[in-house]
Amino acid sequence: MRNGPNPRFEPVSYTYPLEGDGMVHAVWFDNGRARYRNRFVRTASFEIEDRAKHTVFGGLMDPTPADPAGLGSAGPDKQSAFIGVMHHGGHLLALGEVEPAWELSPDLETLGPWTGETDRPLDLGAHNRVHPVTGDLFGLAYDLASPTVTIHHLDQTGRWKRSFPVALAAPSMIHDFILTERHLVLMIGPAVFDMAAAARGESFLQWRPELGTRIGVMDLDGGNPRWIETGACFVFHFANGFERGNEIVIDYVRHQALRLGYSGGRHAPPRLHRLLLHPAAGTLNDASLFDGAVEFPRIDDRRVARPSRHVYVPTLTESLKLVNPASATFNCLLKVDTETSRITRHDFGNRVAGEAVFIPGGAADDTGWLATFLYDPETGTSDLALLDAARIEEAPVAVIRMPQRVPQGLHGAWVPG
(Lines of atoms letter the chains of each structure in order from A and count residues from 1; the text may use other names and numbers.)
(Lines give C-alpha, C1' and ligand atoms only; values in the text may rest on other atoms or scores of the structure.)
Protein backbone atom coordinates (compact mmCIF):
# COMPACT_ATOMS: atom_id res chain seq x y z
CA MET A 1 0.00 0.00 0.00
CA ARG A 2 1.19 3.52 -0.75
CA ASN A 3 -0.25 6.95 0.04
CA GLY A 4 0.32 10.24 -1.75
CA PRO A 5 -1.06 13.72 -2.51
CA ASN A 6 -3.60 13.52 -5.35
CA PRO A 7 -5.61 16.79 -5.61
CA ARG A 8 -9.32 16.09 -6.13
CA PHE A 9 -9.83 19.56 -7.64
CA GLU A 10 -7.43 22.12 -9.11
CA PRO A 11 -5.84 23.78 -6.06
CA VAL A 12 -5.31 27.47 -5.39
CA SER A 13 -1.58 26.82 -5.08
CA TYR A 14 0.28 23.54 -5.20
CA THR A 15 3.62 22.69 -3.65
CA TYR A 16 4.44 19.10 -4.59
CA PRO A 17 4.72 16.82 -2.69
CA LEU A 18 3.53 18.68 0.39
CA GLU A 19 -0.17 19.15 -0.30
CA GLY A 20 -3.09 17.48 -2.03
CA ASP A 21 -5.74 14.92 -1.10
CA GLY A 22 -4.68 11.58 0.30
CA MET A 23 -5.11 8.61 -2.02
CA VAL A 24 -4.03 5.10 -1.07
CA HIS A 25 -3.02 2.73 -3.86
CA ALA A 26 -2.86 -0.96 -2.92
CA VAL A 27 -1.91 -4.21 -4.61
CA TRP A 28 -3.03 -7.51 -3.06
CA PHE A 29 -1.17 -10.77 -3.80
CA ASP A 30 -3.14 -13.99 -3.55
CA ASN A 31 -2.22 -17.40 -4.99
CA GLY A 32 -0.01 -15.99 -7.72
CA ARG A 33 -2.42 -13.25 -8.78
CA ALA A 34 -2.39 -9.50 -8.12
CA ARG A 35 -5.35 -7.17 -7.55
CA TYR A 36 -5.20 -3.35 -7.55
CA ARG A 37 -7.45 -0.79 -5.89
CA ASN A 38 -7.18 2.90 -5.04
CA ARG A 39 -9.36 5.16 -2.90
CA PHE A 40 -9.29 8.74 -1.68
CA VAL A 41 -8.92 9.22 2.07
CA ARG A 42 -12.25 10.87 2.73
CA THR A 43 -11.31 13.26 5.52
CA ALA A 44 -13.78 15.89 6.75
CA SER A 45 -12.02 18.43 4.51
CA PHE A 46 -12.28 16.12 1.50
CA GLU A 47 -16.01 15.72 2.07
CA ILE A 48 -16.48 19.52 2.19
CA GLU A 49 -14.81 19.98 -1.20
CA ASP A 50 -16.47 16.90 -2.66
CA ARG A 51 -19.90 18.31 -1.82
CA ALA A 52 -18.94 21.74 -3.18
CA LYS A 53 -17.48 20.21 -6.38
CA HIS A 54 -14.57 22.65 -6.27
CA THR A 55 -11.59 23.73 -4.18
CA VAL A 56 -12.64 25.31 -0.89
CA PHE A 57 -9.43 25.40 1.16
CA GLY A 58 -6.27 27.40 0.53
CA GLY A 59 -2.84 25.98 -0.19
CA LEU A 60 0.44 25.68 1.65
CA MET A 61 1.92 28.84 0.16
CA ASP A 62 -1.42 30.67 -0.06
CA PRO A 63 -3.56 29.55 2.90
CA THR A 64 -6.42 31.95 2.14
CA PRO A 65 -9.55 29.81 1.60
CA ALA A 66 -10.69 29.71 -2.02
CA ASP A 67 -14.32 29.61 -0.91
CA PRO A 68 -14.68 30.89 2.69
CA ALA A 69 -18.43 30.40 2.65
CA GLY A 70 -17.94 26.76 1.73
CA LEU A 71 -16.05 26.08 4.94
CA GLY A 72 -19.20 26.21 7.04
CA SER A 73 -18.23 25.56 10.65
CA ALA A 74 -14.90 23.99 9.65
CA GLY A 75 -11.65 25.83 10.23
CA PRO A 76 -9.38 26.99 7.39
CA ASP A 77 -6.80 24.22 7.88
CA LYS A 78 -7.26 21.33 5.47
CA GLN A 79 -6.99 17.73 6.66
CA SER A 80 -5.63 15.56 3.88
CA ALA A 81 -3.89 12.47 5.34
CA PHE A 82 -1.75 12.06 2.22
CA ILE A 83 1.72 11.26 3.57
CA GLY A 84 1.81 7.66 4.71
CA VAL A 85 -0.07 4.50 5.53
CA MET A 86 0.59 2.08 8.36
CA HIS A 87 -0.90 -1.00 10.02
CA HIS A 88 -0.78 -1.31 13.80
CA GLY A 89 -2.79 -3.41 16.23
CA GLY A 90 -5.29 -4.38 13.54
CA HIS A 91 -5.83 -0.75 12.48
CA LEU A 92 -5.03 0.46 8.95
CA LEU A 93 -4.23 4.18 9.17
CA ALA A 94 -3.68 6.97 6.64
CA LEU A 95 -1.31 9.57 8.05
CA GLY A 96 -0.88 13.31 7.55
CA GLU A 97 1.42 15.95 9.00
CA VAL A 98 -0.33 18.03 11.68
CA GLU A 99 -3.70 16.29 11.82
CA PRO A 100 -5.41 13.13 13.08
CA ALA A 101 -4.76 9.76 11.51
CA TRP A 102 -7.72 8.38 9.52
CA GLU A 103 -8.68 4.74 9.83
CA LEU A 104 -9.36 2.72 6.68
CA SER A 105 -11.12 -0.58 6.14
CA PRO A 106 -9.17 -3.50 4.61
CA ASP A 107 -10.58 -2.50 1.19
CA LEU A 108 -9.53 1.17 1.70
CA GLU A 109 -12.88 2.72 2.57
CA THR A 110 -12.54 5.58 5.08
CA LEU A 111 -13.96 4.70 8.51
CA GLY A 112 -13.24 8.00 10.27
CA PRO A 113 -10.64 9.81 12.37
CA TRP A 114 -8.68 7.50 14.65
CA THR A 115 -8.85 8.07 18.40
CA GLY A 116 -6.51 5.45 19.83
CA GLU A 117 -9.45 4.63 22.14
CA THR A 118 -9.39 8.14 23.62
CA ASP A 119 -12.28 10.61 23.60
CA ARG A 120 -11.02 12.61 20.59
CA PRO A 121 -9.13 12.19 17.30
CA LEU A 122 -5.43 11.61 17.90
CA ASP A 123 -2.84 13.71 16.05
CA LEU A 124 -0.30 11.04 15.26
CA GLY A 125 2.06 12.69 12.74
CA ALA A 126 3.49 11.49 9.46
CA HIS A 127 6.03 8.99 10.80
CA ASN A 128 5.65 6.57 13.69
CA ARG A 129 7.85 3.78 14.97
CA VAL A 130 7.19 0.47 16.72
CA HIS A 131 9.36 -0.66 19.62
CA PRO A 132 11.01 -3.99 18.72
CA VAL A 133 10.56 -5.54 22.19
CA THR A 134 7.20 -4.28 23.47
CA GLY A 135 5.46 -3.75 20.14
CA ASP A 136 4.33 -0.33 21.40
CA LEU A 137 3.90 2.54 18.95
CA PHE A 138 5.55 5.95 19.34
CA GLY A 139 4.46 8.99 17.32
CA LEU A 140 4.75 12.74 17.52
CA ALA A 141 2.66 15.83 16.88
CA TYR A 142 4.17 19.29 16.64
CA ASP A 143 2.40 22.63 17.04
CA LEU A 144 2.54 25.43 14.46
CA ALA A 145 2.03 28.10 17.11
CA SER A 146 3.74 26.70 20.22
CA PRO A 147 7.40 25.72 20.84
CA THR A 148 6.35 22.23 21.84
CA VAL A 149 6.24 18.76 20.33
CA THR A 150 4.06 16.06 21.89
CA ILE A 151 5.16 12.43 21.97
CA HIS A 152 2.36 9.85 21.94
CA HIS A 153 2.87 6.33 23.28
CA LEU A 154 0.34 3.60 22.36
CA ASP A 155 0.36 -0.08 23.19
CA GLN A 156 0.63 -2.93 20.70
CA THR A 157 -3.15 -2.97 20.16
CA GLY A 158 -3.28 0.75 19.34
CA ARG A 159 -4.65 1.85 22.72
CA TRP A 160 -3.30 5.19 23.96
CA LYS A 161 -1.04 4.86 27.03
CA ARG A 162 0.45 8.31 27.61
CA SER A 163 1.56 11.56 26.00
CA PHE A 164 4.24 13.99 27.10
CA PRO A 165 5.49 17.36 25.80
CA VAL A 166 9.04 18.25 24.79
CA ALA A 167 9.92 21.94 24.95
CA LEU A 168 11.61 23.47 21.90
CA ALA A 169 13.36 26.79 21.29
CA ALA A 170 10.74 27.80 18.68
CA PRO A 171 7.71 26.29 16.90
CA SER A 172 9.45 23.89 14.53
CA MET A 173 8.65 21.43 11.76
CA ILE A 174 9.58 17.88 12.80
CA HIS A 175 8.60 15.39 10.12
CA ASP A 176 10.31 12.27 11.51
CA PHE A 177 12.21 11.03 14.55
CA ILE A 178 14.30 8.11 15.78
CA LEU A 179 13.34 5.33 18.18
CA THR A 180 15.94 2.97 19.67
CA GLU A 181 15.40 0.28 22.28
CA ARG A 182 16.08 2.76 25.10
CA HIS A 183 15.81 6.26 23.63
CA LEU A 184 13.89 8.74 21.53
CA VAL A 185 15.96 11.08 19.35
CA LEU A 186 14.63 14.36 17.94
CA MET A 187 16.64 16.32 15.36
CA ILE A 188 15.29 19.89 15.41
CA GLY A 189 16.42 21.83 12.35
CA PRO A 190 15.84 25.61 12.10
CA ALA A 191 12.62 25.28 10.07
CA VAL A 192 10.49 27.63 12.16
CA PHE A 193 6.81 28.52 11.94
CA ASP A 194 6.31 32.29 11.97
CA MET A 195 2.69 33.42 12.03
CA ALA A 196 3.75 37.09 11.98
CA ALA A 197 5.52 36.46 8.68
CA ALA A 198 2.40 34.77 7.35
CA ALA A 199 0.35 37.85 8.29
CA ARG A 200 2.75 39.92 6.17
CA GLY A 201 2.11 37.69 3.18
CA GLU A 202 5.37 35.75 3.55
CA SER A 203 5.78 32.00 3.99
CA PHE A 204 4.72 30.85 7.43
CA LEU A 205 7.62 28.35 7.38
CA GLN A 206 10.94 30.19 7.67
CA TRP A 207 14.47 28.78 7.35
CA ARG A 208 16.70 30.37 10.00
CA PRO A 209 20.16 28.77 9.81
CA GLU A 210 21.57 31.06 12.49
CA LEU A 211 19.62 28.98 15.02
CA GLY A 212 21.55 25.83 14.12
CA THR A 213 20.23 22.31 14.67
CA ARG A 214 19.59 20.75 18.09
CA ILE A 215 19.56 17.00 18.65
CA GLY A 216 17.64 15.79 21.68
CA VAL A 217 18.18 12.35 23.22
CA MET A 218 15.76 11.27 25.93
CA ASP A 219 14.39 8.20 27.66
CA LEU A 220 11.26 6.58 26.23
CA ASP A 221 9.13 8.42 28.79
CA GLY A 222 10.77 11.78 28.00
CA GLY A 223 13.02 11.71 31.03
CA ASN A 224 16.71 12.62 31.23
CA PRO A 225 16.81 14.80 28.08
CA ARG A 226 20.23 15.72 26.68
CA TRP A 227 20.72 18.22 23.86
CA ILE A 228 23.61 18.41 21.39
CA GLU A 229 24.01 21.42 19.10
CA THR A 230 25.37 21.23 15.56
CA GLY A 231 25.33 23.17 12.29
CA ALA A 232 22.09 23.95 10.51
CA CYS A 233 20.54 21.12 8.52
CA PHE A 234 17.11 19.58 8.05
CA VAL A 235 15.88 15.99 8.08
CA PHE A 236 12.69 14.84 6.43
CA HIS A 237 13.44 11.12 6.82
CA PHE A 238 15.48 8.76 8.95
CA ALA A 239 16.26 5.25 7.73
CA ASN A 240 16.95 3.80 11.18
CA GLY A 241 18.66 4.33 14.52
CA PHE A 242 20.01 1.89 17.09
CA GLU A 243 22.18 1.56 20.18
CA ARG A 244 25.79 0.38 19.81
CA GLY A 245 27.60 0.40 23.12
CA ASN A 246 27.55 3.96 24.45
CA GLU A 247 26.70 5.49 21.08
CA ILE A 248 23.58 5.81 18.96
CA VAL A 249 23.92 5.09 15.24
CA ILE A 250 21.54 6.98 12.94
CA ASP A 251 21.21 6.64 9.16
CA TYR A 252 19.34 9.55 7.63
CA VAL A 253 18.96 11.88 4.64
CA ARG A 254 20.56 15.26 5.33
CA HIS A 255 19.30 18.45 3.68
CA GLN A 256 21.61 21.45 3.94
CA ALA A 257 18.50 23.63 4.05
CA LEU A 258 14.73 23.23 3.87
CA ARG A 259 13.48 24.25 0.44
CA LEU A 260 10.02 23.47 -0.86
CA GLY A 261 9.15 22.55 -4.43
CA TYR A 262 11.45 22.17 -7.45
CA SER A 263 15.12 22.86 -6.67
CA GLY A 264 16.49 22.57 -10.20
CA GLY A 265 19.91 21.56 -8.92
CA ARG A 266 20.59 25.04 -7.56
CA HIS A 267 21.38 23.79 -4.08
CA ALA A 268 23.36 20.98 -2.50
CA PRO A 269 21.34 17.78 -2.94
CA PRO A 270 20.01 15.80 0.02
CA ARG A 271 22.49 13.04 0.82
CA LEU A 272 22.46 9.80 2.79
CA HIS A 273 24.48 10.20 6.00
CA ARG A 274 25.46 8.19 9.06
CA LEU A 275 25.46 10.04 12.38
CA LEU A 276 27.20 8.68 15.49
CA LEU A 277 25.87 10.27 18.66
CA HIS A 278 27.65 10.08 22.01
CA PRO A 279 24.99 11.42 24.40
CA ALA A 280 27.04 11.14 27.60
CA ALA A 281 29.89 13.15 26.11
CA GLY A 282 27.62 15.48 24.15
CA THR A 283 29.54 14.85 20.92
CA LEU A 284 28.79 13.55 17.45
CA ASN A 285 30.43 12.38 14.24
CA ASP A 286 28.71 12.68 10.87
CA ALA A 287 29.73 11.29 7.46
CA SER A 288 28.18 10.92 4.02
CA LEU A 289 27.38 7.41 2.76
CA PHE A 290 26.53 8.45 -0.83
CA ASP A 291 27.25 11.72 -2.62
CA GLY A 292 24.26 11.79 -4.97
CA ALA A 293 20.76 13.16 -4.37
CA VAL A 294 18.49 10.75 -2.49
CA GLU A 295 15.31 10.67 -0.43
CA PHE A 296 12.77 8.23 1.04
CA PRO A 297 15.22 5.79 2.70
CA ARG A 298 13.81 2.45 3.85
CA ILE A 299 15.04 -0.65 5.64
CA ASP A 300 13.57 -4.00 6.55
CA ASP A 301 10.96 -2.72 9.03
CA ARG A 302 11.63 -5.69 11.31
CA ARG A 303 14.98 -4.02 12.08
CA VAL A 304 13.54 -0.69 13.30
CA ALA A 305 15.42 0.40 16.45
CA ARG A 306 17.79 -2.55 16.06
CA PRO A 307 21.08 -2.85 14.16
CA SER A 308 20.44 -2.84 10.42
CA ARG A 309 22.93 -3.28 7.61
CA HIS A 310 21.21 -2.28 4.39
CA VAL A 311 19.47 0.95 3.41
CA TYR A 312 17.33 1.09 0.27
CA VAL A 313 16.94 4.57 -1.16
CA PRO A 314 15.96 6.11 -4.53
CA THR A 315 18.23 8.43 -6.49
CA LEU A 316 18.13 10.26 -9.84
CA THR A 317 20.27 9.44 -12.89
CA GLU A 318 20.67 10.98 -16.34
CA SER A 319 18.67 8.16 -17.92
CA LEU A 320 15.47 9.95 -16.84
CA LYS A 321 14.72 12.37 -19.67
CA LEU A 322 12.28 14.68 -17.88
CA VAL A 323 13.05 18.41 -18.05
CA ASN A 324 12.95 20.18 -14.67
CA PRO A 325 11.58 17.17 -12.77
CA ALA A 326 9.48 17.92 -9.72
CA SER A 327 10.95 17.69 -6.26
CA ALA A 328 11.40 14.11 -5.02
CA THR A 329 11.53 12.60 -8.52
CA PHE A 330 13.79 9.55 -8.88
CA ASN A 331 14.38 6.71 -11.33
CA CYS A 332 17.00 4.50 -9.71
CA LEU A 333 17.06 2.41 -6.54
CA LEU A 334 20.22 2.06 -4.43
CA LYS A 335 21.14 -0.65 -1.95
CA VAL A 336 23.68 0.78 0.50
CA ASP A 337 25.66 -1.66 2.64
CA THR A 338 26.51 0.43 5.70
CA GLU A 339 29.12 -2.11 6.89
CA THR A 340 31.19 -2.37 3.69
CA SER A 341 30.14 0.90 1.94
CA ARG A 342 29.28 -1.17 -1.14
CA ILE A 343 26.53 0.34 -3.28
CA THR A 344 24.52 -1.60 -5.85
CA ARG A 345 21.75 -0.12 -7.96
CA HIS A 346 18.86 -0.77 -10.29
CA ASP A 347 18.33 1.98 -12.86
CA PHE A 348 14.78 2.03 -14.24
CA GLY A 349 15.78 4.32 -17.13
CA ASN A 350 13.12 6.75 -18.28
CA ARG A 351 10.63 5.64 -15.64
CA VAL A 352 9.94 7.41 -12.37
CA ALA A 353 10.42 5.20 -9.30
CA GLY A 354 9.14 5.83 -5.81
CA GLU A 355 10.02 4.70 -2.32
CA ALA A 356 10.82 0.99 -2.07
CA VAL A 357 8.90 -1.08 0.48
CA PHE A 358 10.70 -4.16 1.81
CA ILE A 359 8.74 -7.44 1.79
CA PRO A 360 10.42 -10.01 4.09
CA GLY A 361 11.37 -13.38 2.67
CA GLY A 362 13.79 -14.64 5.32
CA ALA A 363 15.78 -13.61 8.39
CA ALA A 364 18.38 -11.35 6.77
CA ASP A 365 17.54 -7.72 6.00
CA ASP A 366 18.20 -8.30 2.31
CA THR A 367 16.34 -11.60 2.00
CA GLY A 368 13.06 -10.57 0.46
CA TRP A 369 11.73 -8.24 -2.20
CA LEU A 370 11.58 -4.51 -2.83
CA ALA A 371 8.28 -3.19 -4.18
CA THR A 372 8.04 0.16 -5.93
CA PHE A 373 5.57 1.81 -8.26
CA LEU A 374 6.94 2.97 -11.63
CA TYR A 375 5.55 5.63 -13.96
CA ASP A 376 6.47 5.97 -17.63
CA PRO A 377 6.11 9.66 -18.67
CA GLU A 378 6.13 8.76 -22.37
CA THR A 379 3.28 6.23 -22.32
CA GLY A 380 1.45 7.43 -19.20
CA THR A 381 1.42 3.87 -17.84
CA SER A 382 2.32 2.57 -14.39
CA ASP A 383 3.71 -0.72 -13.10
CA LEU A 384 4.54 -2.29 -9.77
CA ALA A 385 8.07 -3.71 -9.88
CA LEU A 386 9.40 -6.36 -7.50
CA LEU A 387 13.18 -6.66 -7.12
CA ASP A 388 15.12 -9.38 -5.33
CA ALA A 389 16.59 -7.41 -2.40
CA ALA A 390 19.73 -9.58 -2.40
CA ARG A 391 20.42 -8.81 -6.09
CA ILE A 392 18.71 -5.54 -6.94
CA GLU A 393 20.93 -5.01 -9.99
CA GLU A 394 19.24 -7.94 -11.73
CA ALA A 395 16.02 -7.78 -13.74
CA PRO A 396 12.84 -7.52 -11.64
CA VAL A 397 11.36 -10.82 -10.53
CA ALA A 398 7.97 -9.40 -11.53
CA VAL A 399 6.57 -6.31 -13.26
CA ILE A 400 2.81 -5.89 -12.85
CA ARG A 401 1.00 -3.49 -15.17
CA MET A 402 -1.48 -1.29 -13.30
CA PRO A 403 -4.94 -0.76 -14.85
CA GLN A 404 -4.47 3.02 -14.66
CA ARG A 405 -1.83 5.67 -13.99
CA VAL A 406 -0.48 5.65 -10.44
CA PRO A 407 0.78 9.18 -9.72
CA GLN A 408 4.00 9.84 -7.86
CA GLY A 409 3.43 9.52 -4.15
CA LEU A 410 5.08 9.29 -0.78
CA HIS A 411 5.17 6.49 1.78
CA GLY A 412 3.94 2.93 1.75
CA ALA A 413 3.78 -0.24 3.81
CA TRP A 414 3.66 -4.01 3.46
CA VAL A 415 0.67 -5.50 5.28
CA PRO A 416 0.85 -9.31 5.48
CA GLY A 417 -2.20 -11.51 5.84
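From the backbone N, Cα and C atoms, a Cβ is placed for every residue, glycine too.
TrEMBL does not curate its annotations; it predicts them automatically.
Keep in mind that what you see is a predicted model, and the values were worked out from it rather than measured.
As given in TrEMBL:
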BINDING   HIS127, HIS175, HIS237, HIS411  Fe cation binding site
Review point. By a simple count, how many Cβ atoms lie within 10 Å of the Cβ of HIS237 (Fe cation binding site), its own Cβ left out?
Key: 20
Review point. Around the Fe cation site (HIS127, HIS175, HIS237, HIS411), what further same-chain residues have their C-beta within 8 angstroms of the site's C-beta centre?
Key: ILE83, GLY84, ALA126, ASP176, PHE236, PHE238, LEU410
Point to revise | List of residues, in chain order, with Cβ under 8 A from that of HIS127 (Fe cation binding site) and at least 6 apart | key: GLY84, LEU95, GLY139, HIS175, ASP176, PHE177, HIS237, PHE238, HIS411
Check your understanding: With every protein chain in view, how many other Cβ atoms are within 10 Å of the Cβ of HIS411 (Fe cation binding site)?
Key -> 22
Review point. What is the Cβ neighbour count of HIS175 (Fe cation binding site) at a 10 Å cut-off, with all protein chains included?
Key: 20
